[in-house]
Amino acid sequence: MSDIHESNMETSCIEDNDKKIEGTQLLPSSLNKELLESEEFIRDRDLCMKYFENWCEGQQVVFVEHLLSRMCHYQHGQINAFLKPMLQRDFISALPAKGLDHIAENILAYLDAKSLCAAELVCKEWYRVISEGNLWKKLIERKVHTDSLWKGLSERRSWDQYLFKQRHGDTSKDHKFYRNLYPQIIEDIDRIENNWRTGRHQLQRIHCLSETSKGVYCLQYDDHKIISGLRDNTIKIWNRHTLECIQVLTGHTGSVLCLQYDENIIISGSSDSTVRVWDVHSGEMMNTLIHHCEAVLHLRFCDGIMVTCSKDRSIAVWDMQSPTEINLRRVLVGHRAAVNVVDFDEKYIVSASGDRTIKVWNTSTCEFVRTLNGHKRGIACLQYRERLVVSGSSDNTIRLWDIECGACLRVLEGHEELVRCIRFDSKRIVSGAYDGKIKVWDLQAALDPRAPAATLCLRTLVEHSGRVFRLQFDEFQIVSSSHDDTILIWDFLNVPVPEGQRSPPRSYTYVTK
């Protein structure tokens with residue numbers, strides 16, 4: 001009997017729910033309309049509203065939650081349909097209506113290019129906010145501020161004149177100019193990256209024409225000049241645009257093996273065992289430092305500190321008060337052969353030697369920290385930045401190291417002779433060797449242990465007819481020097497595009513007004 005009773009109860013509940021649902025589905029009917037407009041319903045509804053309005057917000061919320069908990073699923077659906085449009089607000093369109101255009105612009109200014117394209121299509125009001133706020137211009141300016149490739153390209157392509165605060169009298173460009181400029185910039189960047197990967201470049205050559213002995217041991221460059229140290233004991237300064245020699249600095253009595261300059265001075269080291277300081281503008285010799293007892297093989301200076309290293313197996317740390325006041329702070333001894341290269345930042349000094357080791361020293365205390373072991377023969381070059389050290393050796397290999405733990409992260413093989421010079425940035429490593437070749441490596445792939453070794457070397461560049469002694473590079477070019485007495489400029493930006501190889505323009509959706 002109890003089973004029958006329970007069954008009847010379940011059936012009754014189901015029927016009651018069905019009737020309730022069926023009743024709600026009949027809301028538009030005349031019967032329900034009569035119920036909703038009845039005097040009794042209106043009186044009770046108004047009484048409930050008076051109570052409701054006298055409660056605080058918290059009480060109102062609790063009351064509504066109780067009401068909702070007593071409604072069926074279908075009623076919840078109707079409530080949800082009623083609430084949805086109330087909760088959805090087009091704040092970008094609403095802000096300008098309240099005179100707050102600048103807030104709408106600031107919000108949309110955080111979008112990247114793809115999102116900005118999509119935002120233009122939302123409605124005419126969004127498009128107006130984007131165009132009148134010049135948000136494509138602001139996006140380009142943000143890229144130029146944060147990315148060295150964009151900054152360099154803006155200067156070389158001369159569209160930097162249309163950014164930021166323009167000079168008085170300059171004609172300002174409208175929204176469409178920047179809207180059209182963005183995909184052109186992206187196409188330019190894609191072309192540069194493709195030129196690096198395929199090795200397509202335009203080559204410029206400086207013949208140094210040394211009178212006595214041939215060879216360019218070191219160099220540094222900027223947009224206006226190239227400063228080189230030669231085997232004939234001179235420092236030669238070249239005009240970056242005409243490639244003509246504009247100044248020769250004489251004073252060293254041996255080959256100029258290393259140099260570095262800033263906006264005020266050039267500092268050079270020589271096989272004559274001296275370090276000399278020159279005025280970068282006049283070429284006047286300002287100071288001569290005599291400390292090392294054999295050839296000064298490399299030097300670096302930054303933020304009032306200079307580090308030099310020598311064939312005499314020592315490293316000297318100097319305090320630079322001024323070009324004429326440079327004082328020896330500490331001599332670091334530990335290598336068992338010539339110290340070929342040094343690099344440093346505010347945390348570590350890193351040195352590499354013919355003894356096959358890399359040593360790490362504390363910059364502030366000059367105390368020894370650790371040794372990096374792995375190369376099979378002497379180390380000729382290295383660069384250090386953040387946690388990464390990249391070194392090249394006469395074992396013909398390049399090694400990547402984590403300076404904090406001393407681990408070798410990767411070995412790059414490909415050069416056939418001693419790796420003499422190496423530089424890296426966030427994307428690539430560029431190396432030069434005694435085999436006369438320059439190799440471009442994919443840095444990010446090299447740091448990925450899963451990347452196959454065969455994929456790491458992107459391109460091998462062969463133009464020098466002698467050993468490659470030194471190179472530097474940026475996003476657009478490599479500048480290298482060699483035993484063949486030449487300086488080569490490998491330009492990856494200004495490369496003519498063959499007619500049949502033009503890439504299709506990027507597709508960006510436009511809104512037609």
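Cβ from N, Cα, C; glycine included.
For the domain 'F-box' (101-139), the DSSP counts in helix, strand and coil order read 30 helix, 0 strand, 9 coil. If you look up TrEMBL, you'll see 101-139 marked as domain 'F-box'.
Annotation comment: TrEMBL describes 209-248 (among others) as repeat 'WD'. Within the repeat 'WD' (209-248), the DSSP-based counts of helix, strand and coil residues read 0 helix, 21 strand, 19 coil.
Summarising the annotation, TrEMBL assigns repeat 'WD' to 249-288 (among others). Mean pLDDT, taken over the repeat 'WD' (249-288), works out to 98 on the 0 to 100 scale.
Secondary structure of the repeat 'WD' (289-328) per DSSP, as helix, strand and coil residue counts: 0 helix, 28 strand, 12 coil. Summarising the annotation, TrEMBL assigns repeat 'WD' to 289-328 (among others).
According to TrEMBL, the feature repeat 'WD' maps to 332-371 (among others).
Per TrEMBL, the feature repeat 'WD' maps to 372-411 (among others). Helix, strand and coil content of the repeat 'WD' (372-411), in residues and according to DSSP, is 0 helix, 25 strand, 15 coil.
Here TrEMBL flags 412-444 (among others) as repeat 'WD'.
Assigned with DSSP, the residues of the repeat 'WD' (461-491) fall into helix, strand and coil as follows: 0 helix, 20 strand, 11 coil. Residues or ranges marked as repeat 'WD' in TrEMBL: 461-491 (among others).
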Check your understanding: Using DSSP, how many residues of the repeat 'WD' (332-371) fall into helix, strand and coil, respectively?
Key -> 0 helix, 24 strand, 16 coil
Point to revise | Positions whose Cβ lies under 8 angstroms from the repeat 'WD' (372-411), at least six residues beyond its ends | key: 337, 340-341, 343-345, 348, 350, 352-360, 417-424, 429, 431, 433, 441, 446-447, 449, 456
